[in-house]
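Copied from TrEMBL, the annotated features are:
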COMPBIAS  1-21  compositional bias 'Low complexity'
DOMAIN    72-140  domain 'SH2'
DOMAIN    227-277  domain 'Phorbol-ester/DAG-type'
DOMAIN    290-481  domain 'Rho-GAP'
REGION    1-26  region 'Disordered'
């Protein structure tokens, strides 16, 4: 709900609750002593002060009352009658059917010494805006909280992002050695059994904010930029924003959470968060169909480990195999390899003892590229590559391809570079495998690049240019990369 009026908040009120994080010198030396910064409680206090819903019950039985409304429904009445029924009581509300539009329903709510009327909808849940509620009572409660906070603290809210704690996380570097050691511990390494309860509790206190800060300062040489994957989230119990440290108000959908790293922020704060997402392996459910940059950052690798493992296996025993990449392996076995990577990650066994047919491994590698939600050659650069392929002059075309390559996200660029080096090795064994750059372009063109729009006509029209781009990348990999 949008507030009908706004009032400014005095500076003194804001400063009394706008607590700043402590400086690094004041912070503890060990992770066990770590305490997160005090969150700013002003908005929480306002939520506690917000008017409570007061349902005004209709004294008579209303005919044709919708089954999903209770006795707060008063039938067809005018705005003036609704205003009179609410009696000037803050938080009082009724439901009514519109006189002007029969069959349309309105929530009449008393707030700020006036009666506010909202068009009310129901599709299994009740809503007047984006949020959907199980009951009218919850909808009104959330609405009153929002109206009250946005009226009382409009100026404060508009300035919440001006001095975020997110930009003052130098204290996290004090923890990086201990945190990085815990995070990088391999799954099969035996845990120490003599860890005290206090140590365990301290580690749990380390927020996702501190975890990311520690990771950005560790020995990760592949710290590619990655945007956060924010999705609207309902938080149970009081929650504070990890960007501005302010309370996240409301009953439901109070903010957003990054599904890759777990960062919790206000929706308005999410627009200011840097592209520094550090995905947590616990949140990455699978390897295939996972965003490429997300996967490499979660595993702290230059390229997707599927690409490294498969190419290593192919180069060890398959470079001379006739029809390499053109000949298909059994679909069931390729799916088995996919499941092995999803289940076991880098520990997946794809050796000759398990899969003697090298075409199963090449099939699994091609499937990985096809399953990427964003292709290796991204949707954003697709048309630019196609335009480059259409240039008739060979030198100009090569220069245009190089310019577009520079637009690829770093993880995509590195993956493509490594693959082209591998495919160049395949062509060097053409006399045995009968696979030249043109043949590999036919195979990998539609695998590595797809048009943004799902159009069969566009795909068919662009196939020769897709093939040409991959052929150029293979033949000129030493110049282009």
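Counting begins at 1 with the first residue displayed.
Placed from the backbone N, Cα and C atoms, the Cβ positions cover glycine too.
Mapped onto DSSP helix, strand and coil, the domain 'Phorbol-ester/DAG-type' (227-277) counts 3 helix, 14 strand, 34 coil.
The DSSP breakdown of the domain 'SH2' (72-140) into helical (H, G, I), extended (E, B) and coil residues amounts to 13 helix, 29 strand, 27 coil. Per-residue confidence over the domain 'Rho-GAP' (290-481) averages 95 (mean pLDDT, predicted model).
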